[in-house]
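Engineer: Below is the structure I would like to discuss, written out as structure tokens.
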Amino acid sequence: MLMRILSIIFPVFAIAAIGYAYGRYKRPDMTFANQLNMDLFVPALVFSALASKSFDLASHQNLAIGALVVVLGSGLLALPVAKWLKVDYKTFVPSMMFNNSGNMGIPLMVLAFGQEALAGAIILFIVEMALHFSLGTYILDHRTRFSHLLRMPMIIATLLGLIVSFANWEVPSMLSISIKMLGDIAIPLMLFSLGVRLNVVSLKDWRIGLWGAALCPISGLAIVWLIAPFLHLPPLQQSLLLIFGALPPAVLNYMVAEKYQQEPEKVASIVMLGNLGGLIAMPIALVLALQPV
């Protein structure tokens, strides 16, 4: 079991560590690469997974509901903690709600359970990202318009993938292979970019960061444990939801906080320590997820 967990964890953190080391000495501007990933490679990955013959939306609807409850429930649990810590809820709560389902979640799930886990991992990622770009931005700015979601390449790719799946169409092999090759770039680039991005966050507000690093996986796992009996998920999806619940705060929280000038230094500490805490939380989550049901 130990070697299996190490074989899952090591590639994820190794690529992120390489990104961190490269970013430390070269200081690359990853803006274009990140934009390209979100506009092209990730949508290609999403479309490829959803348009495949093996994908069945009906069998994943309870998983999507579970992800929704985990995200919203984590926010509700974080509210009194933010008040107790005397931290603005706009600073603390979003980082507890929106986790690293893309950069860390998808690679971990695929490495742990193989390609059959990709569709479920994508569903979790879509739910988290859609909530982040709608509810997450609304928390920081009540003037946010939700119509911008429909213009996001990832949402467009999701809708197209679902249409192909529902209509039972078969994408021509030369096209599907090209799209899959583009999608294959997304995961390693996510991990590398995560490592590079961690160079610009600080530990200035480390006390708040430690609280966030502990609360994020604990609240997520607690919610999964509470709702799992009511969702009646198959074993694989239950394991995916468990890993989803334990994921650390998304680096995107820092980028959004910086955009809206919502105490980005504090959010940076939460993100940095949360992802370092993932070295402890994720092996524990994998031990639980890999247990035979």
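Each Cβ is built from the backbone N, Cα and C atoms, and glycine gets one as well.
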Engineer: Please identify the range among 104-125, 148-169 that TrEMBL labels transmembrane segment.
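Structural biologist: It is 148-169 that TrEMBL annotates as transmembrane segment.
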Engineer: Under TrEMBL, the annotation transmembrane segment belongs to which of these stretches: 27-48, 269-290?
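Structural biologist: Matching range for transmembrane segment: 269-290.
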